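Here is the structure we will look at.
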Amino acid sequence: MSSRRSPAWSRDFRLHFAARLFSVLGAQCTYVAVPIVSLLLLPPAQAALVTASSYLSTLAVGVPAGMLADRLPRRSIMIGAESVQAAAMLGLVLALAGGSPSLPVLCVLSFVNGSMFAVFGAASAAAVPDLVDRTALTGALSAMQARDAVLGVIAPLLGAALVGVAAWLPFAVAAATFTIATLLLARIGRPLAPPPDAADGAAAAPRRWTHGFRSIIASPVLRGVVAGQMLLSFVLTGTFFTMMAVLAQDRAVLGAGALTALMGLGVLAGSAIARGAAGRLSPRSAVLAQAALWTLCLVALAVSPTLLVMIPAITLMWVIVPTARVSLEAWIADHVPSGRRGRLQSVRGVLNAVASPLGPTACGVLLASGAPVAFAALALAAGIAGVAVLVCGSGRSRRTGAADASAPSPAAAAGAAGGAGGPGPAGPRRGP
């Protein structure tokens, strides 16, 4: 029997993988460059508004982005989003080259850039399961986690270095990477249009817009996992802020940079583990393991908030993250119909965006009592996240007026009905 190449690395998937690489590269460069350039040009209070506008964009467009991803061809959405990002970055380059851009100009361009990244992300996440054979999806998702981890280490350093050469340079690089991503996406052969959903089409408009929230409420798995991940987002940002505060007090600038790099290295190591671990752990088990490991690491930091403890703690905390992410993404591919994935993915992003800023805010208050107190509170929050997974994930599935989100998607059901290797739209798929 002749061997055939894994569909995970088919032409369309490779193009999407490369496009996402260039998109994340540009986004990570601007993530660091925007606050630095803003602080160089504006007073701190105004510079904070520029950075805040980028975060607010996720809250503003998250739900509409998911709705678009479930109604229109996802390839067209991704191409449009990358094109707008490239234009926004080019506009920022021209504004910086012409002098000092005003606060409204910087805020608008930052908001547009963040909004389009959210739009791209919703369409991209929803499209991946349709580009990959189900038997190869876990490996493909792990490879994507590894790619993003490498970029998370390299791109921020590149963005900061480019600002040192010229304030406009990182945005010119970002405009180029977004343009390359656009060209790569345009070469994907399939439009990646979501299939029509009869139940969704018959629903009233408000119900279609809130389907992502209702899908989470209806599914015990999603209820528990999303509740746990929201709390862990709070813990993550609070932990990073507290570590930076401790190192800043000790003037350990190099230590701060090392910790940032170790986060990326932890994800990279975890990506290698995720390929096997995510296939053995359910999403609930993976998030419970994440909450337990984070609790132990934060207890250690509460006892000894030193750099020697921070280095292994932050690395271990990030090693488990890819397994939790890949396990959930694979579960969504099996149990959520393609025409509803965009809204579900965007709502997850919105909920995490709500929780993330609260971590540094709470820790900023707790640090007045000392770093051990802040780390102890974060350890408690991580433990509560584990409890939330169990409590919120208990009970039976509820109906949302559409198909039950915890039931297998039609493609997964088709694969199960056809026996081992039963073909679905994207090749063989696994039953629940």
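Glycine is treated like the rest: Cβ placed from N, Cα and C.
Because TrEMBL annotations are produced automatically, they should be read as predictions rather than curated entries.
Range with TrEMBL annotation transmembrane segment, chosen from 77-98, 253-274, is 253-274. Range with TrEMBL annotation transmembrane segment, chosen from 149-165, 166-182, is 149-165. The transmembrane segment (224-247) makes no contact with the transmembrane segment (48-69): fewer than 3 of their CB pairs lie within 8 A, with pairs spaced 6 or more apart in sequence. Looking at 21-42, 149-165, 286-303, 373-392, the range that has the most CB pairs within less than 8 A of the transmembrane segment (48-69) turns out to be 21-42. Averaged over the domain 'Major facilitator superfamily (MFS) profile' (1-400), the predicted model reaches a pLDDT of 84. Within the same chain, residues 224-225, 228-229, 232, 235, 239, 277-278, 309-310, 313-314, 316-317, 320-321, 323-324, 327-328, 371-373, 375-376, 378-379, 382-383, 385-386, 389-390 sit at least 6 positions outside the transmembrane segment (286-303) and bring their C-beta atoms closer than 8 Å to a C-beta of that stretch.
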